[in-house]
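Notes for the one structure printed next.
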């Protein structure tokens, strides 16, 4: 898509939060340098539905509500595990209330707010920008400080997962008694879909809210001595993905690596947008969390519903978001059980995203706290699940919901 200089000026003029651009700087904004052809990317909009597009065409598709994988570098994701994939098995009910409920009391919405205020202070967290690199470096340093403050730095560790672009993904590992792994994820990047490299993208809800929600769940989880000392049956990981907005690029890279390494991933939950409830309330509906039911593992999703009922003050609603709608899709494509919980029914989700207006003022930290409760409850319950015994027992709750 080519943008005339006049159109570019109009976009910038209406973007009140954009940084100041002088006339000569606007003249230097070129979508394609003279004499060069735009780079093309292979995207997948549905299983088997692929096409080559330019980066500008990617953003145009996103502005029109289309989601996709950018499979340029990961055409074979899932090919290995497709031959070995087994049916997932999850507990019939929650069983660790005596351990989880005391931890829930330590969740602190003021911590979520404080961290989100900092996270949204970066001009953008666009994955190809220096701001995106800086925000990722801040997040990694924050995670390291949480680990150190908890006295967990002998066993728990955080590492960047570098990419070919500026912003690294982040992986935190809490070793357990086995290498079987439970993953909690969110994406750390933000985007302004008009001019990603220039315009502000605070990304408070998308996905600053999810990133800081799981950060608070992680901080609170480290208060468990059993978790920190490695007594959980399974290893636990927290992921903050880069480049979700570009076509699930960061999560594809990670799960492609895990697939090649033969990693045993028992469950992956994505938290993408956890703070917006106003459209739900305006529609006369009760506050709730949205449990995605399409392109997810039904057994894991069924257990998450039980976790919400057990540990949250708000109910859940079933909703759908389509193909490749967040990073859980990368885990699923790699052959791992994945699920996604969003802030509301999808039709009532935040309509300020991907713009300068995705700011904290629209968000509910009480609602984020409910997502944190669900996250903490799930990761603790599954962290201490003996999946080997469960599979031998033949206790399957993976039937169609």
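Backbone N, Cα and C atoms are what each Cβ position is placed from, and that goes for glycine too.
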Among 205, 206, 282, Swiss-Prot assigns to the Zn(2+) 2 site of 245, 354 just 206
Looking only at the binding-site residues 187, 245, 272, residue 179 (N-linked glycosylation site) has its closest CA neighbour at 187
Mapped onto three states, the DSSP assignment of residue 187 (Zn(2+) 1 binding site) reads strand
Residues lining the Zn(2+) 1 site besides 187, 206, 272 (CB within 8 A of their CB center) are 186, 203, 207, 210, 211, 244, 245, 273, 326, 327
Nearest to residue 206 (Zn(2+) 1 binding site) by C-alpha distance, among the recorded positions 245, 321, 325, 354, is 354
Using a 10 Å radius on the Cβ of residue 187 (Zn(2+) 1 binding site), the other Cβ atoms enclosed count 31
Given the Zn(2+) 2 site 206, 245, 354, its other Cβ neighbours within 8 Å of the Cβ centroid, in chain order, are 62, 189, 190, 191, 193, 201, 203, 207, 244, 353, 358
